[in-house]
Amino acid sequence: MKIYLASKSPRRQELLKKIYSRFEIIPPEVKEEVYSLNPMELALTLSRQKAENVAAKIKEGVIIAADTVVAVEGKVLGKPRDEEEAYFMLKTLSGREHEVYTGVTLMELPQKREKSFVEVTKVWFYPLTDEEIKSYIDSREPFDKAGAYGIQGKGALFVAKIEGCYFNVVGLPVARLYRELREWGY
């Protein structure tokens, strides 16, 4: 059975290679808006929407869709639209704990078998200076990432510790995904 990744994210593509050497990428057409849902519901809802969007384009295969959400005290931080928003997000994360939620939806066609789950990882940031934040924003790294940082890049310098799956923070909880797919026989 063919495997499809419903994602434009180069990080998710790289992570899925840890499980499968061959898969096809079909970018979903979904507006990733911050709804008035809690972070867990939002991550699940967006991953389901992505899977359903790709399911409408294929007849047979296994679809893997994911969405990652960063939240501080239940308040969702999406992808920053500009430097000001990136600054605000990084200032909010500075010296604090936050959670990273990745909702994953698996869909098998034509059987219409579906499974969704959310992986949560806690992340603690060191206190950040304005200079560190501005320098990081100047690197342009924050702009396509939930919460305005990439733990796999220069954003790693801000992380004091994590509790849970590192790859979840990058964008795809590969160990959990592997086990869920194995339960389905893949």
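Placed from the backbone N, Cα and C atoms, the Cβ positions cover glycine too.
Secondary structure at R11 (site 'Important for substrate specificity'), taken from DSSP and collapsed to helix, strand or coil, is helix. Within 10 Å of the C-beta of R11 (site 'Important for substrate specificity') we count 19 further C-beta atoms, all protein chains included. Positions annotated as site 'Important for substrate specificity' by Swiss-Prot, on the basis of sequence analysis: R11 (among others).
The active site, proton acceptor annotation in Swiss-Prot covers D67. Counted within 10 Å of its Cβ, the other Cβ atoms near D67 (active site, proton acceptor) come to 27, all protein chains included.
Under the three-state DSSP scheme, T68 (site 'Important for substrate specificity') falls in the strand class. Counting every protein chain shown, the Cβ of T68 (site 'Important for substrate specificity') has 27 other Cβ atoms within 10 Å. Marked as site 'Important for substrate specificity' by Swiss-Prot on the basis of sequence analysis: T68 (among others).
Among the features that Swiss-Prot reports, site 'Important for substrate specificity' is placed at Q152 (among others), with the record citing sequence analysis. Look at Q152 (site 'Important for substrate specificity'): DSSP puts it in coil.
When the CA atoms are compared, the recorded positions lying within 10 A of R11 (site 'Important for substrate specificity') are Q152, out of the candidates D67, T68, Q152.
It is 14 Å from the Cα atom of Q152 (site 'Important for substrate specificity') to that of T68 (site 'Important for substrate specificity').
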